[in-house]
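Note sheet for the following structure.
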Amino acid sequence: MQLNPSEISELIKSRISGLGAEAEVRNTGTVISVTDGICRVHGLSGVMQGEMLEFPGNTFGLALNLERDSVGAVVLGEYEHISEGDTVKCTGRILEVPVGKELLGRVVNTLGQPIDGKGPINAKETDVIEKVAPGVIARQSVSQPVQTGLKSIDAMVPIGRGQRELIIGDRQTGKTAVAVDAIINQKGKGVFCVYVAVGQKASTIANVVRKLEEHGAMEYTVVVAAAASDSAAMQYLAPYAGCTMGEYFRDRGEDALIVYDDLTKQAWAYRQVSLLLRRPPGREAYPGDVFYLHSRLLERAARVNADYVEKFTNGAVKGKTGSLTALPVIETQAGDVSAFVPTNVISITDGQIFLETDLFNAGIRPAINAGISVSRVGGAAQTKVVKNLSGGIRTDLAQYRELAAFAQFASDLDDATRKQLERGRRVTELLKQPQYQPLQVWQLAASLFAANNGFLDNVEVKDILPFEKGLHDHLKTKYADLINRIEETKQLSKEDEAALRAAVEDFKKSAAF
């Protein structure tokens, strides 16, 4: 068969015109090494800091170190199936997690995937986990309270909506108990809660979830769990994922409360990731940016003004402020609050609740040291009735602690000193509270009123808590109108004060105290 040149050229042209040359441009690289969840990848010349990378087997990673000819990335999840020579692709996306009310009542991992066996979560929206905190102009001052239901906190270390209040103490001092009680007390108050568990035993997390379910608190709570068995990368990112879920409510004019339990373990996880990425270590082998690790997280907790909410929702929500209140937890070693991470977080937050082992072992629970626990902005948010009644309590306690130290050495004490010591003992006893039994505002007001006006002075110390319970029951059965007025107005008028005095006197006469 003879082909002339013109036929050959026509054949070639027709083949070229029919050729599908649509190429997909992908930035790819090759795995050089994989150790302890850290992958070194050659190539990926166009990768961004913090970009999600796609590994074989539908596994994702995060680009953290951008070097001249390689990229250091952490793998999110299992990494055993990744081997040298595997192809890695850029996704062009930043790490996102699902957000919205569909998450309420669920337990999820750092990536927002359900781990409670209750089926998939059909969240309609996702959001990035790393965000810039609201600016100064978008914020509003803290002026509404977050009632924890714990007498010693609501009276002496009040927390406001949009505040960051640190809970700090050694292991086994009741830090998680305080945080869980605060979540349980938000029932019916329109506050959505997020509990972030970092580096804890899976059994401990399951126990907290069970308690929240028992008290009906899971209806308005999301639990983000990064257990001790999860990779360091998942533990380090969990608080940011939880914060994004909380911000969903804040930015839409709702109130949210987030507990980070605890940030010490997050700092340990970040230190591990940084050292494996061969970043230079600093004090206590932490990387240089460990302060920024916590500051950029905690600055996202804020009270935002109505303009911000209106702009964010494109006018759908008008005239409502939103807030995200943070309760970060820090575990100290042998009471050393001057270590690197505790001092960092103390300087970032708006106050701290300091829990002491000695008080805990002495049976004073919650074991709050009233002397060094402070709330720098919560005073403006405290309910009027509690604010007016709690001033005397703090003074009584401070004087009692001071005198108790001297009283150990002095054999004979004058009447005034003895009186102060007796009152201090009773106030200390009054501030004890069993776990999972948060109090309402009227109950706290009644207890503080009884202490301030000397009604407890002739009650035996061992009878203080039974006296308090009896008083609350007495008020509930016979003085319902008074209770409702205190709950509604959050104030104690002259008439109500006289009625409350009469009620307490009436109870003391009828009861055998």
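Yeah, the Cβs are placed from backbone N, Cα and C, and that goes for glycine too.
Bear in mind that the values here come from a model prediction, so they are computed numbers and not experimental data.
Annotation for Thr176 (ATP binding site): same-chain Cβ neighbours under 8 Å, separated by at least 6 residues, are Thr204, Val208, Asp261, Val329. In this structure, Thr176 (ATP binding site) is part of a helix by DSSP. Residues or ranges marked as ATP binding site by Swiss-Prot on the basis of sequence analysis: Gly169, Asp170, Arg171, Gln172, Thr173, Gly174, Lys175, Thr176.
Feature annotation from Swiss-Prot assigns site 'Required for activity' to Ser373. Packing around Ser373 (site 'Required for activity') is summarised by its Cβ count: 21 other Cβ atoms lie within 10 angstroms of its Cβ, all protein chains included.
Rounded to a whole number, the distance between the Cα atoms of Ser373 (site 'Required for activity') and Arg171 (ATP binding site) is 18 Å. Cβ neighbour density within 10 Å is lowest for Arg171 among the binding-site residues Arg171, Lys175. Distances between the Cα of Ser373 (site 'Required for activity') and those of the binding-site residues Gly169, Asp170, Gln172, Thr173, Gly174 are shortest for Gly169. Spatially close to Thr173 (ATP binding site) yet at least six residues away along the chain are Leu355, Glu356, Thr357, Phe360, Ala367, judged by Cβ distances under 8 angstroms. Apart from Gly169, Asp170, Arg171, Gln172, Thr173, Gly174, Lys175, Thr176, the residues listed for ATP, the same chain places the Cβ atoms of Glu331, Leu355, Thr357, Phe360, Ala367 within 8 Å of the centroid of those Cβ atoms.
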